[in-house]
Every structure is written in structure tokens, then in C-alpha cells.
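Residues or ranges marked as GTP binding site in Swiss-Prot (evidence: similarity to another entry): 108-115, 190-194, 248-251. What Swiss-Prot records for 1-295 is region 'G-domain'. Swiss-Prot lists 296-499 with the feature region 'M-domain'.
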């Protein structure tokens, strides 16, 4: 994912500081210098970086800290909070309401992925029960209407545009009026992409905004734009009332620091990020979990939300029961592999787990991991019900393994590798035995600590250290929020554990 290199550099700087015997002014300055260098290399604006390090030094006054304070944790928390502050201007964005027509206007640079993002935004809300519609007011780019028409047709979203009308203001007004009559409650207007220096296109954008009176103007920004991001974003903010930002191409290899700068320039929150070309590669942006994932600290709440999306409600109680019993079969492993594949790109899923930073799951390895899961599932398709439902690995004799290999078209050693993976996951699952899962909204401090103790047995030592020991794990447990009752989904999906 984009910004992965930045996250890795900051994580390493914090890790080096954590490994120091004594935390003094010299160690703190070395850590901040490394973080500063990483941010500047990632194209974050100099003033933002300077202000961030100044604020951290004000917060972390080593001379004023009492002997009992954990200096490492205070520094780590200060870095975390300052990164969150860069990405969060502190003001909420407009939220459309179902049943009441809302007009959302999209603006952005040429090539930022604006038209595709319009459709993703519409598709996301359509799945949540809105009745969206798309209006193509981009008369500048050849093929713009064709692209929007193709995307909208694929997503089954109504659209409006014209091959003959050249006035974008008229198209926008007519489209909005048409969809208001059809009782659409989310009308999305796509405008022409532009550059900062194109005065005529900016004037056109202002006219479209004045005529349609949008409830929200969204600035779409390509994460790879680099140093120019701040100036470009500011130019849009000065022309129209930008109220939110969507950052695209977050799956690329670009530095991506410009994304941080754009938020500062527009003083508007990031509401979504685009993580790929497909319609479902579009995530709601939440600052703290994002920074947590960026630094390799995981995002439990996001992970649990993913589980909520893919595990059918009728299967959830059964899964929790099996978890509390520590009973793990090949069938359960198969079902959890299915859930992982439904969650989306596997690297995205693993980045939500503490210790699985983008460096530990590099981009080239994501497809390999996904392919391995699919191979395992193919082998399990050749198993009998008795084999799938047994929790006794000794049942898998040599003759059974050879039969499964032949039936699935795989090698014997591949089936044996799969069985080793099963044993490893079964070992993790067994450690979850007896885990008490409180009902929604009933996570007391005591039960959270008990769950953290169980989790500390499951996590590999290296991962537990990276989170910040038991204290850090307890903090992560707090993040789980309303998704705590779904913690059982973790058992079969976890990629870590003792070999």
C-alpha cells in the first residue's frame, strides 16, 4: 500500500528508540531526525514536518517527566497523535441522509481517478441503502461521458449526460433536476478535471457549484502527486468550498506524502481512500486506525468490521461456541479461508493485524499468499466429510494424503504443507479456549484485561513486543468497540503464531 515505506521508516525509528538503554535528549533527537527525514522523503510539506516535530518536543519534555513515567510510550503516543492531527482537521464532513436529496460535487486534477471515484462513492452508498445517481458535467475530456456511462451501467446506477450539449452548467442543472424528480437521495455531479493554472476551467467549476448548490464538494486527489499536492489542493479550496477529500491510488508504489499535505491545505477531512481499480476497493477513512496500520500497530476495529461484513449472522454464534471450546477442524479452516478471501485484498486484511505491517506483507507477496490459500482450499475440496470434521491430525494417513493429492491435482508435499499449516492454526485456536466473549456493549475493564491475557498467549513474542507488550495490547483491545462480540472470527484467520 502507498505510504508503506513511510510507515516502515517511522516504525524503525521508534523501534531503535525503544531498544535504547536510556531515553535521553540525544536518543529523542535521533528518533525525531529519522522521522523528519522519512516524512520529507515521502513528499510531506516542510512546514508540516517542522510543526510536527516542534509539537512533539513540547509534549515530550524529558526533564519534566517523573522517574516513574514510561518515556518510550509517551514519545510513541506523541508521534501517533501528531500524525493523526495532520490528517484530521478537527471538523466533520457533511453526511448525506437517506430519503432527502443531497447533491455532491466532485472536483480534482486531470488523471486523479475522479470519474471512477464518483462511481465507487455511488456504489458504496447504494449498498448501504441510498438511491444514488450520477451526472456527467465533464464536457472537456473526450470520452468522459462514455467512461461514466460504462461504470454506472456496470454498477447498475442511473446516470445522466449528453453527447450534444457543450455547456457543463446546463448538463449539471438538468441532471440534478431529473434525478430529484426520480426521488434519488444522493445526486453526484462529476466535473471536468483541471490544473491549477487553468483559470477558465476553475471559473467553469465555480459556475457549476453556483448553479447546483451542492451540499458537499469533494476534492479527489491522486496520492502519488508529490510536492505539488499542497499548492494544487489550496487552489481548489480557494475556488470552491471543498468540504472533504478522497485520496486515490493508495495501492501504488508512490511516496504518498502529498496526501497528508492536501488535508492540511484544504483543512478538510479525508472521508474515503481508493485502494485499487475495482468497485469494492474503496474504504471509509478513519484517522486513528489508518495511522495505527501505517505504523504496523494494526486496526482491530477495522478487522472486526470486515468480519461482520463476511460472516453470516447465523454462523456467528456457532463460530464463537467453537472458539470457546478450542475445537478446530479442517472444515473450520476452510470456512475461515473463505472469509479472508471475501474480505478483500489479502494485504489490506493483514495490515489490520498488529505486526503485519506492509513491510512484513510486501506487495509482491500478496498474490502469492492468496494463491496459497486457494490451493489449500482445492485440496480440502478432495477430502471426505470425516476428514474435514475431525480434529485429529493422525487420521490423515499416507494413503489418504496420496488420495487427496491425486484428487486435487497437487503434489504430496503440498498436502503435507497444508496439514502443517492446519496444525499451526489449531495450536493457536486451542490457546483461545475458554476466552470469554462479552455481549455487545458489556466490555468491562476486567473482562478486557482477561481477553488481553488470552490474546498475549496467542500472539508471537515478536508481535507482542511490537504492539508494546501487555499495556499496548490492552489499548488495542479498547479499539475493538462494538465489534468485540465478533472476536471469535480471529481464531481461524490469524496469520501469526508459533511454528
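From the backbone N, Cα and C atoms, a Cβ is placed for every residue, glycine too.
Source: prediction; values computed, not measured.
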So if I measure Cβ to Cβ from residue 114 (GTP binding site) and keep only same-chain residues at least 6 apart in sequence, which ones fall under 8 Å?
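Spatial neighbours, sequence-distant, of residue 114 (GTP binding site): 106, 107, 108, 190, 191, 193, 220.
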Please report the DSSP secondary structure of residue 111 (GTP binding site), reduced to three states.
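Going by the DSSP assignment, residue 111 (GTP binding site) belongs to neither helix nor strand, so it counts as coil.
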I need the most crowded of these binding-site residues: 108, 111. Count other C-beta atoms within 10 angstroms of each C-beta and give me the top one.
108
Report, as a single number, how many Cβ atoms besides its own are within 10 Å of the Cβ of residue 194 (GTP binding site).
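I count 22 other Cβ atoms within 10 Å of it.
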Where does residue 194 (GTP binding site) sit in DSSP terms: helix, strand, or coil?
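Looking at the DSSP assignment, residue 194 (GTP binding site) belongs to a strand.
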